[in-house]
Amino acid sequence: MLKNPFIKDSGLNQYQPLINQINALETNLKTLTDTELRNKTFELKKRYQEEQDLNALTAEAFAITREASFRTLGLRHFDVQLIGGLVLNSGKISEMRTGEGKTLVATLPAYLNALTDKGVHIVTVNDYLASRDQISMGQIYRFLGLDTGLIQEDMAFLERQQNYKAEITYVTNNEVAFDYLRDNMASNLSQVVLPPFNYCIVDEVDSIFIDEAQVPLIISQAVETCIDKYIVAAEVAEYLEVNVHFKVDEKNRNIILTEQGTAQIEKILQVEDLYNPNDPWIPYILSAIKATALFFRNVHYIVQNNQIIIVDEFTGRIMPDRRWNEGLHQAVEAKEGVPIRQNTETAASITYQNFFLLYPKLSGMTGTAKTSEVEFEKIYNLPVEEIPTARPNLRKDLPDFVYKDSLTKWTAIARECKSIANTKQPILIGTTTVENSEMLADLLQEYQLSYRLLNAKPENVKRESEIVAQAGEIGSITIATNMAGRGTDIILGGNTTFKVRKQLYNILVSYKSKTNLTKLNTIFPLAIDIKFTSQKFLSVLNSLLNDPKFLSLSSTGILKFLNEIDQIRIPKITYQCSIKFLLNELSKFEKKNQTIDNKIVKNLGGLYIIGTERNNSRRIDNQLRGRCGRQGDPGTSRFFLSLEDSLFRNFGSSKLQNFMQNQLLDDLPLESNLLTKSLDAAQKRVEERDYDGRKYLFDYDDILNKQRNIVYYERRKLLESQSLRETILAYGEQVIKDIITLLKDPKFPKTNSMIEELFKTRLVSLNSDLNSLDSFELKTYLFQEFWLSYETKVLEFEICQTGLIRSFERTIILYYTDIAWKEHLQKIALLRDAVGWRSYGQRNPLFEFKEEAYNLFQNRNITIRHLLIRDFLHSFIL
């Protein structure tokens with residue numbers, strides 16, 4: 001077997017022997033019937049149960065998956081895709097370029113690891129991709145006798161629980177992480193949805209592990225909030241001037257009040273001290289200024305239905321379930337004049353960094369991981385392997401154009417679009433904000449250019465995948481914020497799937513009324529063009545329009561069915577069969593046109609990518625460039641920049657900016673090696689800063705994570721225990737030991753009130769002087785009193801209802817465990833803020849945080865025991 005000519009990395013050559021084994025099995029597998037191939041799954045499962053060695057099954061499992069893929073989808077894994085699968089199975093990240101078939105690659109290790117019957121999770125970034133991949137790739141798994149699950153945002157509890165039981169489950173990062181937190185707040189095992197973790201494949205791993213790593217996932221509960229202070233602070237902020245009353249640190253998104261600013265605010269508010277702990281104004285003021293000076297509408301958030309919705313700066317998508325913390329969200333609400341929602345306190349939280357490390361086996365795939373490989377390896381212990389492309393890369397990355405100011409840059413982009421549009425070459429323009437995307441859209445309108453707009457606005461988000469999929473159509477111009485539509489392939493000449501569904505939807509809705517039937521041939525000439533099938537198409541359409549069940553469908557019902565048609569393997573209703581036939585006929589026709597359009601666009605140079613600003617990370621820039629040149633297609637990319645871009649403004653050296661100002665003419669761009677190197681250096685500085693921030697978060701959260709794991713482990717044991725008698729007795733005995741230790745402390749007053757308060761009764765034997773009692777005798781006596789009190793309480797509950805005491809014990813332990821953990825999280829958050837300042841005193845903040853967090857955790861355990869035993873002994877039945 002010859003080696004793949006594109007494999008240059010000697011590290012990948014280690015997989016060649018396995019590739020040879022997989023290919024050698026192909027001929028024999030092709031001779032098997034479908035049933036015989038399916039039975040291979042049960043044979044491999046049996047072998048695994050006997051040998052417990054998954055590595056021994058790798059070659060055969062991969063070969064079986066490839067054959068099943070070819071029989072169900074007509075897709076045969078390339079050798080480089082086999083390498084990608086082997087890399088994933090070895091617990092690494094596969095970097096595969098756009099269009100190289102990452103979704104198909106994941107089926108190889110997923111099938112192999114599903115043979116253990118321990119479950120496989122394939123994690124994607126949104127519900128659409130999870131559903132799409134489960135529908136398409138699920139055909140392979142079902143063919144091989146495996147069941148697949150799908151978790152969606154609006155899924156009910158029982159359905160969610162059932163889908164997690166599948167051998168392979170498709171789910172979003174958001175859903176699986178929040179399900180984990182909710183499971184660890186459950187009051188009984190029947191409320192738990194997740195099985196034990198086994199193997200996880202993360203798609204778009206850089207988006208989840210890096211872009212979203214700094215945002216912890218939080219389940220919160222509302223707390224009383226002083227709404228009026230946010231409103232007043234927002235009004236005060238309007239009277240303050242930048243660089244006079246406050247300074248803006250744009251790099252770190254921070255605000256620093258000047259002495260003049262502090263005095264001015266105290267004068268306006270008529271208070272003596274903004275920092276007064278009894279009536280603090282400073283947090284409200286700082287949040288209000290941040291909301292005004294650092295957070296902008298249609299850039300960092302949008303206003304929708306009288307709510308502030310955050311816009312993800314990396315993807316351009318809205319995040320309706322996220323809120324800024326520390327009062328910032330309320331400050332933005334006050335600024336925009338929308339209803340201010342209550343502050344919240346954390347009931348449970350985890351970062352993606354620590355959540356995904358819970359999986360015993362973890363891997364990921366993306367098109368852009370190499371630039372962040374150090375972070376992947378240091379934090380997640382995930383090496384990155386760059387997988388060669390199946391075909392040579394023909395994309396041309398042209399040098400950046402840099403202009404003097406933003407106006408000149410945007411004008412140049414519009415002119416470039418006008419020039420390219422004349423050739424009919426498709427254009428995809430990536431912008432960094434909603435505001436910029438809409439401004440460019442208005443500019444293109446002035447140039448009389450038609451375009452499709454995709455940004456975080458709700459009316460655009462609904463059509464995200466469709467808009468991105470059609471970005472490769474002849475003559476199309478698509479404006480998209482950052483990486484919106486990620487995961488959707490842009491096919492040169494257009495994507496027939498979306499196009500055909502839209503066409504059929506329009507046909508069905510238009511002709512549902514019988515009065516239109518006489519005009520069928522003239523209004524819909526496309527059907528006549530379908531040569532020998534056109535008459536049959538019209539005949540089926542005519543019968544469909546006379547089907548009462550179809551006519552009862554609303555327009556929304558038709559659209560819903562068309563979107564879900566892939567999930568219906570064998571339609572059982574007549575109108576469904578008819579619609580599926582019409583869709584197939586249209587697809588055949590459109591595929592012929594698409595083949596022609598594909599060749600035309602390739603001859604024009606493929607998709608032309610225009611970047612409107614360098615992002616803070618080279619990885620994000622590469623993601624935009626990677627939208628063109630898929631699977632050996634031609635493509636071109638160029639970035640248009642200005643000296644007013646945030647990267648230049650915040651991280652470019654003053655020497656560079658002065659040089660550029662002198663070199664640049666008003667409306668002409670500049671290309672230079674110095675410029676490129678300077679931009680790369682600026683991006684590297686930002687990447688290092690952002691990495692330090694994520695590493696800082698990880699180091700601190702890792703300490704909390706160890707405590708979280710202990711609490712969740714103990715909590716699960718509580719749920720699984722049939723009886724908690726031993727736990728209650730152990731807690732009670734430890735409480736007594738704690739009290740005796742206190743009583744023996746010379747500084748502690750010698751009184752029996754603490755003991756009597758615990759037992760809620762007067763203990764006769766303690767009337768004598770406590771100093772005269774021996775510790776052992778006192779402990780023995782109190783133990784006996786506690787055991788007696790416990791048995792009395794058990795009897796009291798059992799008389800009322802058999803088994804009631806067991807339920808009560810579980811409830812009270814879980815209640816205090818959860819309350820104490822919630823309070824612990826608040827204290828940890830305050831501690832993290834406080835220790836940061838200690839570096840100024842030449843102390844190590846991380847070391848001190850670790851030490852004090854440990855003490856807080858120990859105190860939490862003591863508090864749980866004392867409160868629990870006290871309330872248990874004081875409890876009574878109403």
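Note that Cβ sites are derived from N, Cα and C of the backbone, with glycine treated the same way.
Record check, Swiss-Prot: ATP site residues include GLY99, GLU100, GLY101, LYS102, THR103, ASP489, and the candidate from GLN81, GLN470 also listed there is GLN81.
Take the mean position of the Cβ atoms of GLN81, GLY99, GLU100, GLY101, LYS102, THR103, ASP489, the recorded ATP site; other residues of that chain with a Cβ within 8 Å of it are MET96, THR98, LEU104, VAL105.
Here the binding-site residues are GLU100, ASP489; the one with the fewest Cβ atoms within 10 Å of its Cβ is ASP489. In this structure, ASP489 (ATP binding site) belongs to neither helix nor strand by DSSP; it is coil. Neighbour list (GLY99 (ATP binding site), Cβ cut-off 8 Å, at least 6 residues apart, same chain): ASP489, ARG630, GLN631, ASP633. A count of other CB atoms within 10 A of each Cβ picks out GLN81 as the most crowded of the binding-site residues GLN81, THR103. The most densely surrounded of the binding-site residues GLY101, LYS102 is LYS102 (count of other Cβ atoms within 10 A of its Cβ). Residues GLN81, GLY99, GLU100, GLY101, LYS102, THR103, ASP489 are recorded as binding ATP; their most distant pair of Cα atoms lies 17 Å apart.
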